[in-house]
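Asks: Below, the features straight out of TrEMBL:
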- G148, G150, K151, T152: ATP binding site (BINDING)
- 137-271: domain 'AAA+ ATPase' (DOMAIN)
- 347-416: domain 'Chromosomal replication initiator DnaA C-terminal' (DOMAIN)
- 1-80: region 'Domain I, interacts with DnaA modulators' (REGION)
- 320-441: region 'Domain IV, binds dsDNA' (REGION)
Amino acid sequence: MLQSFWQEFLTSIKDKKKKSPIYYSILRDVQPIEIKEDLVTLSCTSLGAKKYLEKKREDIEGHLTFFARKKTRVEFTIVTTPIESDGPLLSFEPSKEDIFRKAGLRPNFTFENFAVSPTNQIAFAAAQSVGKTPGSSYNPLFFYGGVGFGKTHLAQAIAHIVLEDDATSGVLFCSGETFMNELIEAIRGKTTPKFRRRYRSLKLIVVDDIQFIAGKQTVQEEFFHTFNSIVSAGGQVVLTSDRPPHEIRKLEDRLRSRFSGGLIVDIQQPDFELRTAILLIKAQEKSIEIDIEVAKVIAETIVDTRSLEGTLMSLYARCAPDGSAIDLDLVEEFFHNRSSEKRRKISPQDIIKTVCSFYDIKQSQLKGDSRKSTIALARQVSMYLLRTELGLKLEEVAFLVKRKDHTTVIHAINKIQNLNMKNVVFREELTSITKAVSSST
């Protein structure tokens, strides 16, 4: 009876309130609880609705009085328990995409989209094992390697498979910097207990670039306890870094010990075959048609895997307007133009001069036959940079450093790539030289 009375009342004022849709919309959500003599008690869905309608009290009472044909007063209240109904008004389940996004995951960083080769097959197998049975083996799982080697992709693939198995699992991917920033914000806002509940209750935590927390005492202290809480509760910890635990400077010994207590996997730089496969996968993801021979040419020129996708999209942007394909002619023109642009900024002489200055040797020594370790290393660095920075052909590089053939250049490039991956001190040297070359123009 109450409901029918209220619905009839709403119908009677509907036309009168067409100019005030907000008023009518809020009033429509109100439910009558009781009519006692001249008092009608109405329930509101929120405090905001109650305050809004209280301002309209006189108007509502006027309409009710006219409708009921007797003096009527209203009283508003808030009902916190839901009114019984035949079924749920709205059923909502988050999609997988929403779940993955909330966990900080990229949708395409899965095992299915990961290209496997001898340079990463051990890491791939370990990641699959942890994804299937988190917390039971390899805890923590520690990946290290250079930029663009696939560490983040594999780490996120583990999180994907755990959530696929159980969407309610507490899974989070974050960077070391994000962990630090959220901790600082929690301390500032006096919400540290909430921060700890969130992180320490996780079933799986994946921290990218964990080396970022080194040297930050409070952050390391908090992560130490987070690590212990998750592992002791049977959860899984996955970490990535640009170097192994024993090479992370200013990392507390107790964290170094924890990080070294599981499985440490070195992910090496993708070889030519893997770079080709990665490029083909990226093209398939973006529905871009590319011939395998064309992909090989690109992979041979682009050593940095993160630049592969950028190169692919640049080539696609050039041929998309007229619907033409990415062919060898387009690729050769693209690299020729890019090489010309870079040559206008950096010359081969700039690279050779900078390398000689860094290692304190003469150019005649670099181009000579000396096998002294410092001179040989400087020569190899020069060949590597001439190839990677300027995109010169192998024969051109060999000519510039007075080598007989291009096989010496290939050996030098492989040597520098391995050193850059495994030796942190050399990696910093190479970074310094590269920056010096860029600033020499």
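Every residue, even glycine, has its Cβ placed from backbone N, Cα and C.
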Asks: Can you tell me the three-state DSSP label for T152 (ATP binding site)?
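Replies: The residue in question, T152 (ATP binding site), is helix (DSSP, three-state).
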Asks: Are there any residues at least 6 positions away along the chain from G150 (ATP binding site) with a Cβ closer than 8 Å to its Cβ? List them or say none.
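Replies: Residues satisfying the criterion: F114, N120, A123, I267, P270, T305.
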Asks: Quick check on the domain 'AAA+ ATPase' (137-271): DSSP residue counts for helix, strand, coil, in that order please.
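Replies: Counting residues by DSSP class gives 67 helix, 24 strand, 44 coil.
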Asks: Around the ATP site formed by G148, G150, K151, T152, which additional residues qualify by having Cβ within 8 Å of the site's Cβ center?
Replies: F143, G145, V147, F149, H153, L154, T240, I267, T305
Asks: For K151 (ATP binding site), what residues in its own chain, 6 or more apart in sequence, show a Cβ-Cβ distance under 8 Å?
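Replies: Listed in sequence order: F143, Y144, G145, D208, T240, S241, I267.
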Asks: Using a 10 Å radius around its CB, how many other CB atoms surround G148 (ATP binding site)?
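Replies: Excluding its own Cβ, the number within 10 Å is 19.
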Asks: Using Cβ-Cβ distances, find the residues under 8 Å from T152 (ATP binding site) that belong to the same chain and are at least 6 apart in sequence, listing them in sequence order.
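Replies: Spatial neighbours, sequence-distant, of T152 (ATP binding site): F109, D208, T240.
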